[in-house]
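Taken verbatim from TrEMBL:
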type: ACT_SITE; residues: Ser190; note: active site, nucleophile
type: ACT_SITE; residues: Asp275; note: active site, charge relay system
type: ACT_SITE; residues: His304; note: active site, charge relay system
type: BINDING; residues: Tyr100; note: substrate binding site
type: DOMAIN; residues: 12-317; note: domain 'Acetyl xylan esterase'
Amino acid sequence: MNHAIAQRKRELEAYLAPTTIDHAELNAFWDAALSRYDGKPLDVRRERTESPFNGVTVDHLTYQGFDDTPIHAWFMVPDVGRGADGARNPLPCVVLFPGYTDDRGYPERHAGWLLQGYAVLAVDVRGQGGETGNHLPLRSGAVKGWVSGNVLEPERSYYHAMTIDAVRAVDAAAAQPEVDGARLAAVGASQGGGLALISAALNPKVTAIVADIPNLCHMDFGVLNSSSSLAELAQHLKRYPERLEAALHTLAHYDMLNLAPRIKVPVLMSVGWKDPVCMPETVYAVYNRIEADKTIKDYPFSGHEVSEAQNRERILFLRERFR
């Protein structure tokens, strides 16, 4: 086929952006960062709350994230999968990460996953739209939003705190007795898609990934072109142009362009070709570097959105992986 859509698809499949940090340096950074949390208590607390669903228990769960910030979440378990003795069999679980400025929402938001018979851990992202605060001290000024916080210091940056929170969300889910640790997916869209990818790259407990229109991808390109969270960094660098190289070096530690080889489990991604936020070049730059079993769904006429068609693809993908 030689029409414009097929040509664009070939261009994206061939798009190979250069990595932006030395591989050994990146691995050393993350090995050291993650080792500091080995064995650190999650301090998981669960409190039963009123459920809007018959046959589903809903708990308000908190766990300790980076810098001991309590991360708030819903942990929801459908009343399915009981054996002949009435005991509950462990269930597959999806860990759900929200988009930028959003939160875990009401439990009703996640009914589709509960109908599949999955346990659900739906988490906030620190400081954004939910109950979760942010203990991270700002050591310098930042523009509106969150992502420019401490952007010159990789291990003190907002990106670092957010990433460790996501990694520990997976640990918190895996630690629940209702969860089958062999069937644990990281799922999200936009910011949530980026967190699904990076949590899987850094936590081997993830067994499948659904990352729709993900951010944290080809972030240097995004700073230059994106209209959303990375535009905050662009605004910061407009004010402080001398900080460009240091800021890009920090971003490189959290860019899935560089972390893609660490993904070892099946992944479903989606991309809207008209997306001005998580542009197709950024998504494909990462997808083309993933070496694990992978699938990408293209939506040439979609912007920054997850369509009903893609919602079905997500369900079918995890149904196959959770058999």
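Each residue, glycine too, has its Cβ placed from N, Cα and C.
Annotations in TrEMBL come from automatic prediction, not curation.
The distance from the Cα of His304 (active site, charge relay system) to the Cα of Asp275 (active site, charge relay system) comes to 5 Å.
Distance from the CA of the residue listed as 'active site, nucleophile' to the CA of the residue listed as 'substrate binding site' is 7 Å. Rounded to a whole number, the distance between the Cα atoms of the residue listed as 'active site, nucleophile' and Asp275 (active site, charge relay system) is 11 Å. Taken residue by residue with DSSP, His304 (active site, charge relay system) is part of neither helix nor strand, so it is coil.
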